[in-house]
Amino acid sequence: MQEGKISQIIGPVVDVDFPEGQLPAILDALSIAKPDGTKIVLETQQHLGEERVRTVAMESTDGLIRGMAVENTGRPIQAPVGEGVLGRMLNVVGDPIDGRGPVDAKKTYSIHRSAPKFEDLSTKAEMFETGIKVIDLLEPYSRGGKTGLFGGAGVGKTVLIMELINNIAKQQSGYSVFAGVGERTREGNDLWHEMMESGVIDKTALVFGQMNEPPGARARVALTGLSIAEYFRDEENRDVLLFIDNIFRFTQAGSEVSALLGRMPSAVGYQPTLATEMGELQDRITSTKNGSVTSVQAIYVPADDLTDPAPATAFAHLDATTVLSRSIAELGIYPAVDPLDSTSRILDPNIVGDDHYDTAQAVKMILQRYKDLQDIIAILGMDELSDEDKLVVSRARKVQRFLSQPFFVAEAFTGLSGKYVKLEETIKGFKEIIAGKHDNLPENAFYLVGTIEEAIEKAKTL
């Protein structure tokens with residue numbers, strides 16, 4: 001095994017000297033044994049001349065000193081894969097962090113893998129039911145597709161992801177992989193305890209590199225989670241869900257180490273390799289003829305600016321976008337999905353059918369008309385509208401409230417039991433509201449209910 005010595009340490013970036021002709025390959029993992037018995041993993045990033053490599057540390061470099069011995073493992077970072085990782089919480093290098101003993105994995109995968117070949121890809125377009133009305137109706141997710149949850153701070157991205165994990169595990173008994181990339185440790189802890197309580201933990205693998213971790217871990221933990229998901233797809237022929245919270249932090253971590261690695265910054269100070277790094281990750285998330293990896297990625301939007309290079313680069317890869325809006329959250333409508341801003345590639349009559357498509361378009365049309373009338377209402381008041389427009393506004397407000405829904409994972413906040421609404425129930429409910437069947441019901445009856453029958457029941461108590 002080749003051995004080198006640390007020659008320089010600058011924050012998370014460590015330079016290591018090796019004998020001439022024994023340089024580790026790019027992306028190979030190096031290991032440092034610390035005096036306290038723990039080890040630190042480094043990943044080779046650059047060759048500087050004949051005898052020196054520049055690496056990025058996956059853990060804090062506290063306690064490292066120049067001259068320490070560094071061992072070349074001769075291969076990239078390996079992630080444990082298979083049934084043994086279900087119900088466990090791992091870090092970026094595959095070590096358990098849940099205090100429940102070693103991981104019983106029969107096999108490991110390199111975290112750097114090439115995307116499936118073109119001939120192995122599946123091109124079938126198929127909808128994936130989530131049980132969340134606003135998503136299933138207006139921006140249906142595709143099986144094996146990529147979906148982005150866009151939103152600023154505190155509009156509900158993580159809660160929506162937790163609800164999706166809950167619905168998939170309970171309704172479809174599918175496997176999920178959750179990669180926590182640079183988010184709050186408290187949220188990871190809450191997620192872990194809620195999964196233990198609800199029993200979905202046995203079908204989920206969790207991989208975390210949170211805010212307190214060095215940028216090396218945050219830039220690689222999404223790849224570790226992806227490798228675990230790829231194993232279930234390629235070797236067990238399963239349909240897997242991959243949740244990444246938050247893909248923006250993946251880019252942010254890359255930009256933190258980029259300058260230390262000596263690269264020139266590009267627009268807004270991001271790394272020049274932004275599009276390449278994002279492409280390498282996103283290209284591996286796909287459906288093959290054997291199985292699929294369906295991904296839902298939370299995307300933090302810095303300062304609510306969708307044109308920032310990080311969210312804009314992610315946009316290009318997505319099949320569906322769910323945009324969470326602060327103005328809708330302020331109305332108290334949760335999930336705070338913007339029905340007019342969110343899109344889906346498969347909202348097409350040839351894929352979802354005419355009934356679904358027509359209902360979705362009618363909902364969008366009535367909401368858009370309401371939006372157009374809001375300026376007039378603000379200036380002149382409701383009384384100045386024509387009778388026809390008054391009816392549009394009344395129905396649109398009911399539709400807007402009916403797009404809200406009580407979540408299983410938010411029962412503690414709302415005091416209401418969660419609801420999973422089947423697609424046909426969703427379509428039926430919205431069709432009836434738009435057709436005017438429920439014009440006599442108060443609009444509050446439609447707020448935080450599941451099916452249209454529940455709204456009718458609720459109206460009786462108001």
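Even glycines carry a Cβ here, placed using N, Cα and C.
Among the features that Swiss-Prot reports, ATP binding site is placed at Gly151, Gly152, Ala153, Gly154, Val155, Gly156, Lys157, Thr158, with the record citing sequence analysis.
When each of the binding-site residues Gly151, Gly152, Gly154, Gly156 is scored by how many other Cβ atoms sit within 10 Å of its Cβ, Gly154 comes out lowest. Sequence-distant contacts of Thr158 (ATP binding site), defined as residues of its own chain at least six apart whose C-beta falls under 8 angstroms from its C-beta, comprise Glu183, Glu187, Leu191, Asp245, Ala298. Within 8 Å of the centroid defined by the CB atoms of Gly151, Gly152, Ala153, Gly154, Val155, Gly156, Lys157, Thr158, the record's ATP site, lie the Cβ atoms of Tyr300, Leu324, Ala329, excluding the listed residues themselves. Here the binding-site residues are Ala153, Val155, and the one with the most other Cβ atoms within 10 Å of its Cβ is Val155. For Lys157 (ATP binding site), other Cβ atoms within 10 Å of its Cβ number 27.
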